[in-house]
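J.: Just passing along the structure, written as structure tokens.
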Amino acid sequence: MSPKERIIMGVDPGTILMGYGMLHVAGNTPRLMAMGVIRLEKFDNHYIRLKRIFDRITGLIDEFLPDEMAIEAPFFGKNVQSMLKLGRAQGVAMAAALARDIPITEYAPMRIKQAITGNGNASKEQVAGMLQRYLRIPDEQMLPEMDATDGLAAAVCHFFQTSGPMARSGGSAVKNWKDFVNRNPDKVR
């Protein structure tokens, strides 16, 4: 790969379905490499799901060799247990990237939607449709699970935030555990 080429892995954390997308960037031209979902519904035990997330994210990293990871931040809901589980799933995906020294940038869901559609309150369908048009994804490659396009959206958002003359200062890249702990003392003890 030339110095101006990179691969961005996007992740939409989840405890039932976790979406991912791989984006190859050459210069200022992004191209879809892959997108999909990690299915976790068949595992009753939450800890087994976390292990599966780690194993699958690590496998995807080993297969596609991404240079960077963009991950959607958990949204704040009313159900504390759901938030805890989602945060754990996100943390395990981040740990897999950090174990391979892949820098991570986290983006809020509204920021991703804003970057893709121009509307921070866009629906999942609107995000998927815009990604399909922008990346020229054939209908047969689109998946019924919107988690896959949500993962891809994180990667495309990161591309927009870091590439070309329109790049704006965006999320904060975390290069290793020490960096993460220093930036987030309230999240660790």
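Every residue, even glycine, has its Cβ placed from backbone N, Cα and C.
Got these off Swiss-Prot a minute ago, pasting:
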- Asp12: active site (ACT_SITE)
- Glu72: active site (ACT_SITE)
- Asp147: active site (ACT_SITE)
- Asp12, Asp147: Mg(2+) 1 binding site (BINDING)
- Glu72: Mg(2+) 2 binding site (BINDING)
J.: When you measure from the Cβ of Glu72 (active site), how many other Cβ atoms are you left with inside 10 Å?
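T.: For Glu72 (active site), the 10 Å Cβ neighbour count is 23.
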J.: Excluding near sequence neighbours, so keeping only residues 6 or more apart in the same chain, what lies with its CB under 8 A of Asp12 (active site)?
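T.: Looking at Cβ-Cβ distances below 8 Å from Asp12 (active site), excluding near sequence neighbours, one finds Met18, Gly19, Tyr20, Glu72, Asp147, Ala148, Asp150, Gly151, Ala153, Ala154.
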J.: Using DSSP and three states only, what is Asp147 (active site)?
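T.: Note: Asp147 (active site) is helical by DSSP.
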